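Engineer: Structure incoming, see below.
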Amino acid sequence: MGQFTVVSLGLLAVFLSLSGAKGDNCPANWISRNGVCNKLFPDRKTWLEAEMYCRALKPGCHLASLHRDSDSTVLAWYISDHFKGAGHVWIGLRDTNRKRTWKWSDRTSTNYFSWNQGEPNNVQDNENCVHLWAPSGYLKWNDEPCASLHPFICQYKL
């Protein structure tokens, strides 16, 4: 029995050291989800200013892209739990050609949407950027003019 415990502990130590070697840890104040690191910045910026800020942080960093319900849930929890009263929060989705063709700033596939009911509605033909809608608990999206000022979430792949 004692030898089994020693071998088990040895295998556990090897597993933990190898899993740490993958580099799946995000820097302090960033959260990890599905192979990416995210951080909310409370500074209020336009969509383009926020995207440029993210890009300046490190190569490959952009406004956050969401590709499944679990992505939305993790970010909604993070914002709600750590940034009370943040208001709407920019994500990396926008309609660059103003034809209701939504694309992520990191150029990943646009295969998932979580629009709030009645959205996107393109009020005054001027809503071409997307934020997480605060009244939905950050689970739903709304289109908004890109010049609006909001906090934002940056993201980069591990």
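We count from 1, first residue shown onward.
Just so it is clear, glycine is given a Cβ too, placed from its N, Cα and C backbone atoms.
Take a look at what Swiss-Prot says about it:
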SIGNAL    1-23  signal peptide
DISULFID  Cys26-Cys37  disulfide bond
DOMAIN    33-155  domain 'C-type lectin'
DISULFID  Cys54-Cys154  disulfide bond
BINDING   Glu127, Asn142, Asp143  Ca(2+) binding site
DISULFID  Cys129-Cys146  disulfide bond
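Looking at the shown structure, can you explain where the listed features end up?
Structural biologist: Long-range Cβ contacts of Cys26 (disulfide bond) within its own chain (separation 6+, distance under 8 Å): Ser32, Cys37, Asn38, Leu158.
In the shown protein chains, 26 other C-beta atoms lie within 10 A of the C-beta of Cys54 (disulfide bond). Look at Cys54 (disulfide bond): DSSP puts it in a helix.
The Cβ of Glu127 (Ca(2+) binding site) has 20 neighbouring Cβ atoms from other residues within 10 Å, across all protein chains displayed. Secondary structure from DSSP puts Glu127 (Ca(2+) binding site) in coil.
Under 8 Å, Cβ to Cβ, and six or more positions away along its own chain, Cys129 (disulfide bond) finds Trp47, Trp90, Leu93, Arg94, Asp95, Asp143, Glu144, Pro145, Cys146, Ser148.
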Engineer: Within 10 angstroms of the C-beta of Cys37 (disulfide bond), what count of other C-beta atoms is obtained when all protein chains are considered?
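Structural biologist: I count 20 other Cβ atoms within 10 Å of it.
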Engineer: Across all the protein chains here, work out how many other Cβ atoms are within 10 Å of the Cβ of Asn142 (Ca(2+) binding site).
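Structural biologist: Its Cβ has 20 other Cβ atoms within 10 Å.
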Engineer: Can you give me the residues near the recorded Ca(2+) site, meaning same chain, not Glu127, Asn142, Asp143 themselves, Cβ no more than 8 Å from the center of the site's Cβ atoms?
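Structural biologist: Going along the sequence, the neighbours appear as Glu119, Pro120, Asn121, Asn122, Val123, Cys129, Val130, His131, Trp141, Glu144.
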Engineer: Long-range same-chain neighbours of Cys154 (disulfide bond), Cβ under 8 Å, sequence gap at least 6?
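Structural biologist: Expected: Asn38, Lys39, Phe41, Ala50, Tyr53, Cys54, Leu57, Cys61, His62, Leu63, Ala64.
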